[in-house]
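For 189-213, 220-236, 256-276, 288-306, 374-397, 488-509, 515-533, 545-567, 587-605, 675-696, the entry in TrEMBL reads transmembrane segment. What TrEMBL records for 208-641 is domain 'Citrate transporter-like'.
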Amino acid sequence: MTLHDSSLSPGEELWDNSAELERRCRLGSEVTSLSRSFSTEKSEHNFRLSSNLRYVVCLFFSMYPDRERPWRMFAVSSTESFSMNLTDFRDNALLKLQVGGPFMTGMEGVPAQEYILIQVEQMVEIGSRRKRVQQILHNWTIPLHSKRNDQILTTRTFEMLAGAPISINVQASLLDNQVVPLSMTHQSLYVTVETQVVIAGVILAGVYVLIIFEIVHRTLAAMLGSLAALAALAFIGDRPNLKTVVEWIDYETLALLFGMMILVAIFSETGFFDYCAVKAYQVSRGRVWPMIIILCLIAAILSAFLDNVTTMMLFTPVTIRLCEVLNLDPRHVLIAEVIFTNIGGAATAVGDPPNVIIVSNQNLRKTGLDFAGFTGYMFLGICLVLLTSFPFLRMLYWNKKLYNKESSEIVELKHEILVWRQTAHRINPASREETAVKCLLMQKVLNLESLLRKQLRTFQRQISQEDKNWENIIQELQKKHRITDKVLLVKCVSVLSIVIFMFFLNSFVPGIHLELGWIAVLGALWLLILADIQDFEIILHRVEWATLLFFAALFVLMEALAQLQLIDYIGEQTALLIKAVPEAERLAIAIILVMWVSALASSLIDNIPFTATMIPVLINLSQDADVNLPVKPLIFALAMGACLGGNGTLIGASANVVCAGIAEQHGYGFSFMEFFRLGFPMMLMTCTIAMCYLLATHVGLGWNT
C-alpha cells in the first residue's frame, strides 16, 4: 500500500497550504478521537487497576534493600573441618545455604564413597519455669565427584526457630588426605516455604487474570508479574540485585528469536510466502480442510527436527498470506498449526527444549536412556497422538466458520483500515512534517471508512463453503502472486538453508561450539550483508520487540517463582502422592500423576525450569528403596506432559507467543480465550492418548528396561 490520496491532484502543494493542513489536522484529530473513544472508556477502569497495582508493587520493592551475600572460602579434609556461628538469626523462619564445590550434579546409580557433611545445629531453651535446652540438628550430605574439576552450586533451605543462635559445621569423608576447596553463603528468610508458595501462586494467578481478561497487554502483564515476584522476594528477605535479575534472562532464546525475525523479515520481501500460499491451495485442489491438514502435518514434521519457534516463524507469514488470498480467517488456521507444531516437537529428542534437557542429563544416560531409545519411544507415541488429533481437530472446528462472512474486497478493505490506523497511532508528532503525515494517514482512514460503508450497503453476495472453480482461481492467483525478487530469493534460501543445516549439526555434532542463538544472529548478519539493505530501520520495524520483551519478563517471572519454592513444592508434593499409593498400583498411578501434573504445570508455567526441577526429583524417587519404581516410565511421562501441555494456554509454549505476536503485527491477533477454547481441549485429548500409550507399554507390556 502506498501513501496516496486519490482526491488530491499530483501537483498540489501539501505542506505550503496552511488552510488545507489545518483542515487535515482537524479531520485527523476527529478520527483519532472517534477511534479511541470506545477503547478509552473500556480500558479506563483497567488502567486504574493496573496503575494501583504498579504503585503497591513498587512500594514493596523499594522498601527492602538488596541482600548482600558474602561468600566464605574455606577448605576441608578428612582431618580438618570448618565451623561458623550465626548470631543475627532473630525473627527469621528459614535459613538458606548455598554451597559451591566439586559436587555431583545429581544422584548416581551407586552410592558415593566421598561426600561433604554439613550439620546445622541450634540450641533452643524451652519451658517457662524450668528452662531446658533442646538441640535441633539438620544433616545435609552432598556427594563429591571423583574429579575435582567443576564447581557446582547447590542450595538447601532449613526451617529454624527464631531467637536462637545457629552453628554450622562442615566435615568431609574422603578416601585420601586431599583437601577439598569449598565456598558458602547464607541467607535468612522471614517466611515459611508454604507462605512463599502461596505468594507465588497468587502472583501467577494475577498474571493470568491480566492476560485472560485482556486488562493490559500480555507483555505488560508479564512485566507486572515479574516485578511483583521480585517484590515478594524482597519481602521475604531474598531480594536479588540487578545483575542477578539480568542473568536470569535466557539470552540464547532471545537471540534465536531476534535472528529468525530478521531472516523472515527479509525473506518476506521476495514474494516467496505468496507463492507458497498459492501452491498449498493448488495441492489441496481448492478444498480448505485438506489444505489445513497438509499445513499442520508439514508443521508437525518440521518441528520434530527444528525448534518450534523457528517453524512457526516460517509458517505464520505463509498461512496469513494464504488465508488472505482465499478469504479465510487466519486466526483459526494459525491456532491449529501451532497446536500441531507443539505436538510434533515432542516426537524427537531435539524437537522441544524439555526433551533436550532430558537427553542431555548425564545421570539419565547412565540408566540407559540414550538419544536413539528416547527418540524411538517418543516418535511412536506421538504418531498415535497425531492420528487421533486430526479427527478431533475437525470436531472442534465443526461449527466454526473458516470463511469470512463478507466478500474478500470488504475483508481486505477492513484490514487496510486497521493497518492505516495502527500506523497513524504509532506516530508521535514531534515536528510539523510528522504532524502533517499523521493527519494524512487519518484522512486516508476516513476515506477508506466511507468507501467501506458504501460497499457494505451494496453487498449481497454469499460465500460458498467450497469453491468449484478452483482451477480458474489458481490461474488468477498465479498471475497476481509471483516471486518479485528472484536474486534476493536465492540469497535468502541459501542463508536460511545453511542456518537450518547448522541447527541440525548443533543437535548431533558436539564439536560445533555455536548455540542456536549464535547461529540465528550470524545468519541474520550474513543475509543483511548479502541483501544490501539500505534502510535498516524498515527491517527493525518488522522485529517483534513486544514479543522479545515478553519473553524476557517471562524468564524473570519464572525464575522468581522458582526462588519462591513454587516448582520445588510441586515436585515434592508429587513425590509424596506417589509414595502414598499401594505398591501394586504404584507404577500406573505414578505415570498418570507425573503425566498430568507435568501437562497442567506446563500450561501455566514455563516447561523448561519445571522439567529441570522434576528430573532429579524423579531420579531420587526411583532410587528410593521404599518406592521401587523404574525411572524410564516416569521420565517419558514427564516428557509427554511437558511437551503436550504447552497447548493448554497461549503462554504455555514459546511457539504460541511467537505466532500470536506475528499475527498481531499483520492485524490478525488472537486473544488468550480464543486460543484456550481450541488449545485446552486438544491438550486434554492428546495427553489422554499419550497416557494410554504409556500405560499400555510400561504397565501392560512391561517396557521398563
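Using the three backbone atoms N, Cα and C, a Cβ is placed for every residue, glycine included.
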| field | Contact between the transmembrane segment (288-306) and the transmembrane segment (374-397) (at least 3 Cβ pairs under 8 Å, separation 6+) | value | yes
| note | On average, residues of the domain 'Citrate transporter-like' (208-641) score a pLDDT of 83
| field | Within-chain partners of the transmembrane segment (256-276) [C-beta distance under 8 Å, separation at least 6 from its ends] | value | 307, 309-310, 313-314, 317-318, 321-322, 325, 481-486, 488-489, 492, 495-496, 499, 516-517, 519-524, 527-528, 531, 533, 539, 542-544, 547-548, 551, 658
| query | Where else in the chain does the transmembrane segment (488-509) make close Cβ contacts, counting only residues six or more beyond its ends and a cut-off under 8 Å? | reply | 263, 266-267, 269-272, 305-307, 310, 350, 356, 515-516, 519-520, 523, 526-527, 530-531
